[in-house]
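Worksheet: the structure to be examined is printed underneath.
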Amino acid sequence: MSWIEKILPKAKTTQKSSIPEGVWSKCSSCNAVLYKAELERQISVCPKCDHHMRISARKRIDSFLDHDNRMELGEEFEAQDILKFKDSKRYKDRLSAAQKNTGEKDALVVMKGELHGMPVVVAAFEFAFLGGSMASVVGARFVKGVEYCLEHNLPFICFSASGGARMQEALFSLMQMAKTSAALAKMSEKGLPYVSVLTDPTMGGVSASLAMLGDINVAEPKALIGFAGPRVIEQTVREKLPEGFQRSEFLLEKGAIDMIIDRREMKITLARMLGKFMGQTSVVS
């Protein structure tokens, strides 16, 4: 016990704190203490330092689409442990745990809806579900979204957040790279726009396929984008990587992506962009 604690009487509060749990949150970048309701209004972007925190697939879709006329696509697809895969834990058990923790059946949510009144289809990866890894259900849902666009002449937007292919599905997972790329080729043939939004992180097989095949490839600020991670590359080449390597600003400078958009401006910016692509310039004045 310190000397100051000995001479000062022990203070006791007569009233309990009126601040309920869950009111405050902390920025993982600048450590600022933030009012949670304000953070939610900012779509999990720190108002102090503009750090873009990771958000769930459904929160992203909710913040992006209009609230009316929504319809989920591909929700009938469910993961199967075809290979009976087991590492330190059975794949079946990993799936059950991920489903319980996230409330999702797999790592991609696809939704038909409206963007400032313009019909669109949006896909969003759920990174909390096994690292947003690409697997059979992810590929099937993605293709379902593309097919809906082809049938109804709609633009397609995908928000990527993934560590890459799901190793527990082996070649079934890798096959989704070709499957999704072939589906997007049909979009291109029909002249329908596909906008790819790369968020933190977009890595591995997802970055090597659907994430970089957009007619327009945009990214959120400071998103990690690449194939292998920076630590793996440094260990392989035995050299220190440049500052900001694999971050969206670095990729924009090198011409790998087209633009960087703040999450809070994503809806209005893409609405204007797609309005021009679809000949609906009156979507957003």
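Here, residue 1 is simply the first one shown, and the rest follow in order.
Heads up, the Cβ atoms here are built off N, Cα and C, so glycines get one too.
The zinc finger annotation in Swiss-Prot falls on one of the ranges 27-49, 142-164, 211-233, namely 27-49.
Apart from Cys27, Cys30, Cys46, Cys49, the residues listed for Zn(2+), the same chain places the Cβ atoms of Ser28, Ser29, Asn31, Ala32, Leu34, Pro47, Lys48, Asp50, His51 within 8 Å of the centroid of those Cβ atoms.
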